[in-house]
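Visitor: Before anything else, here's the structure in question.
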Amino acid sequence: MCGIWALFGSDDCLSVQCLSAMKVAHRGPDAFRFENVNGYTNCCFGFHRLAVVDPLFGMQPIRVKKYPYLWLCYNGEIYNHKKLKEHFGFEYQTNVDGEIILHLYNKGGIEQTACMLDGVFAFILLDTANKKVFLGRDTYGVRPLFKALTEDGFLAVCSEAKGLVNLKHSMASSLKVEPFLPGHYEVLDLKPNGKVVSVEMVKFHHCRDDPIHARYDSVEKLFPGFELETVKSNLRILFDNAIKKRLMTDRRIGCLLSGGLDSSLVAATLLKQLKESEVQYPLQTFAIGMEDSPDLLAARKVANHIGSEHHEVLFNSEEGIQALDEVIFSLETYDITTVRASVGMYLISKYIRKNTDSVVIFSGEGSDELTQGYIYFHKAPSPDKAEEESERLLKELYLFDVLRADRTTAAHGLELRVPFLDHRFTSYFLSLPPEMRIPKNGIEKHLLRETFEDSNLLPKEILWRPKEAFSDGITSVKNSWYRILQDYIEHQVDDAMMAAAAQKFPFNTPTTKEGYYYRQIFERHYPGRADWLTHYWMPRWINATDPSARTLTHYKSTAKA
């Protein structure tokens, strides 16, 4: 995890422009470098480093003697870099996983490079010999990337939008900043004056496709066919492998643990793998909640069962409300469910940074989208429609759950790892017949639960615990976070403000006082940037007026059970 920033063809003084790069300093608290490009006085890179792999030679932009014309700035982890190095016989100059990008590009060009990377990444690659700039982002957008490109060829790129919004350019009063699409790479021509022209934008991987890099990995052979026992065995192999490859780090590993199925499976499997790797420190697990929170109780049960060094973080409603402004600034979104769920994750990340030496943090993000874990999937009209919805959610992760997970942890200099979004695991899961993946017997994620039923990884009551939305589970059943927020915001936004909401906010007009309140905070930090969010996250197939799981009838019936 780090912060990358680059400018090509800047008309303004670079030493003034580079102040914008400091807006993402939280992403890399260990070191900072600002470097001009030889021969291009108006092009430069900025890099904030969190030293996770190769503390000695890990600074960026990465340049190696063999390819003096290549410059690479990237944020991410490439889990198969050693495998590819061995397979192709590449000679490395550093121990940095990203160096593989330079070798792959030199060998087979940008298309082969993007397809071969097993991991999460956002990169800026400059080739001064062939006068090209390349941008790329991983399949699900686990690592963030934003860009601004003007008509006259000024290009600005950054891990977070906040590093671009204050940049100056002669041709534009304010730059159009937009997220770079996940699963794509872009090719741009570099002109002699440092300006660029976009040549093509290519989608290099779809989540359902078996990734090309699968040919070079060491996963034991999967069994063909869709017999239940075969599928369960394959899923266990792939999930195990997803966690094993993510142990790649020189820093201490920890794990977020809400006590729900996803984070509990990650924590239990992670602890097992750390023991097998003979790691010398105990696994720290972290749970957050208010007093009487169902999540805290469930997480405690899991921690006791697996034997982790467990940390519980308590917060009260006042602390949660006070954090909203900082959270929305960090997130760069005003989506209601994202903001709600981010408060707990932001506060627990703050605690981890301040009180522990865990830096690489595992979590269960991505499972709900992949395995149809949201409660509204019970209402899917057919398995095919449920499959369609699952893929839509995965495609939009970079706007919602993955955005939340990245920004709340990165705000405190932590690196998040999300094994449920492993390429091999997701493509295999999505290849299964749609009927296998839907909720069964009134229980969502039935297949995933069945897969680990006999593993003794988790207590049975956790393995079969019904879905609890994170923003709801952290608070008391008697007084949910949802309710606390409504009661507070009721006094901050009046009816007259709501009546004029469409006039004030014509795009994505907030329909609730909570939505209006978040939008106000967002506009204060990022005026006129509402189009970063294309639409609000909402359940389908039901007449939902709020994204909270607590408002759904299915939730009420399971809560009583």
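First residue shown is number 1, and so on along the chain.
Cβ from N, Cα, C; glycine included.
Copying in the features that TrEMBL gives for the protein in this structure:
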type	residues	note
DOMAIN	2-191	domain 'Glutamine amidotransferase type-2'
ACT_SITE	CYS2	active site, for GATase activity
BINDING	ASP97	L-glutamine binding site
BINDING	LEU256, ILE288, SER363, GLY364	ATP binding site
SITE	GLU365	site 'Important for beta-aspartyl-AMP intermediate formation'
Visitor: Far apart in sequence but close in space: which same-chain residues, 6 or more away, have a Cβ under 8 Å from LEU256 (ATP binding site)?
Guide: SER263, THR285, PHE286, ALA287, MET345, ILE348, ILE361, PHE362, SER363, GLY364
Visitor: Around CYS2 (active site, for GATase activity), which residues of its chain at least 6 apart sit with Cβ under 8 Å of its Cβ?
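Guide: Spatial neighbours, sequence-distant, of CYS2 (active site, for GATase activity): ARG27, GLY28, PHE47, HIS48, ARG49, LEU50, GLN60, ASN75, SER159.
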Visitor: Quick one: among the recorded positions ASP97, GLU365, which has the most Cβ atoms sitting within 10 Å of its own Cβ?
Guide: GLU365
Visitor: How many angstrom lie between the most widely spaced Cα atoms of the ATP binders LEU256, ILE288, SER363, GLY364?
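Guide: Those residues reach a largest Cα separation of 15 Å.
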Visitor: Quick one: pull the CA-CA distance for ILE288 (ATP binding site) versus GLU365 (site 'Important for beta-aspartyl-AMP intermediate formation'), whole Å only.
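Guide: Rounded to a whole number, the Cα-Cα distance is 16 Å.
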Visitor: In Å, rounded, how far does the Cα of GLU365 (site 'Important for beta-aspartyl-AMP intermediate formation') sit from the Cα of ASP97 (L-glutamine binding site)?
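Guide: About 23 Å separates the two Cα atoms.
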Visitor: Across all chains shown, how many C-beta atoms besides its own are within 10 angstroms of the C-beta of SER363 (ATP binding site)?
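Guide: Looking across every protein chain shown, the total is 25.
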Visitor: Which whole number is the mean pLDDT over the domain 'Glutamine amidotransferase type-2' (2-191)?
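Guide: Within the domain 'Glutamine amidotransferase type-2' (2-191), the model's average pLDDT equals 93.
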